[in-house]
Amino acid sequence: MNDRVFEQTMNQNHQDGGARECVLEARGVTKTFVQGGFNVQVLDNAQVSVRRGEKLAIVGASGSGKSTLLHVLGGLDEPSAGQVSLLGKPFTQLAERERNELRNRALGFVYQFHHLLPEFTALDNVAMPLRIRRMSTEEARRHAREMLEQVGLGARAKHRPGELSGGERQRVAIARALVTKPACVLADEPTGNLDGSTADHVFHLMLELSRTLDTSFVIVTHDPDLAARCDRILRLRDGVLHEEPAVPV
């Protein structure tokens, strides 16, 4: 069974498994910026509900507001109106410290560019979120090593980012996002800087990790073939999210 057939089977099993708890939800989210003295509405009454273990793709034209949506979903930016809840807790009802603690505990982030610290090894880059939580160096490295094994890079733990390929660096970034065992990972064009075959491998890895770790993924991508491998697709057009029908791959 090839990767895509396997993914399609697992997606169908997931969809047939009934409703699961909602880990991330946006209700009536609107985001407006002021540009050149004019109000520009990027998000218009956006509604998003992400279930545990679900893979949700967000697609849309360049400049349509996909990254803005991820920032709002991740509590990195506040909506002009509406509400975002993480594990049932609305960000707007939390003090800044509580919001940061919840975000750091329950969310992981992956970007188009890996943002690894060049002076640290792959192992210590992955361990960094745990060290920020004041976990001991020894324990943090143990968890980081286990996660590197899961992304197939156990043998590269002592290498620095400059000694890794583009695909390997992105796999380290994925391991870093998952090492805290978040409920949901927000990924902004995670394969956009990779060649076709490497992008395909990295995307498959994310979907497989979502299944094995029961972690939700919200993935912004411009690639319709990759988006079709997720459980659901939402298209952002003129600030409004539209759900698209699943198309077998």
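Each residue, glycine too, has its Cβ placed from N, Cα and C.
As annotated by Swiss-Prot, domain 'ABC transporter' applies to 24-249.
What Swiss-Prot records for Gly60, Ala61, Ser62, Gly63, Ser64, Gly65, Lys66, Ser67 is ATP binding site. Of all the Cβ atoms in the protein chains shown, 12 others lie within 10 Å of the Cβ of Ala61 (ATP binding site). In this structure, Ala61 (ATP binding site) belongs to neither helix nor strand by DSSP; it is coil.
Within the set of binding-site residues (Gly60, Gly63, Gly65), the lowest number of other Cβ atoms found within 10 Å of a Cβ is recorded at Gly63. By the criterion of other Cβ atoms within 10 Å of the residue's own Cβ, the least surrounded of the binding-site residues Ser62, Ser64, Ser67 is Ser62.
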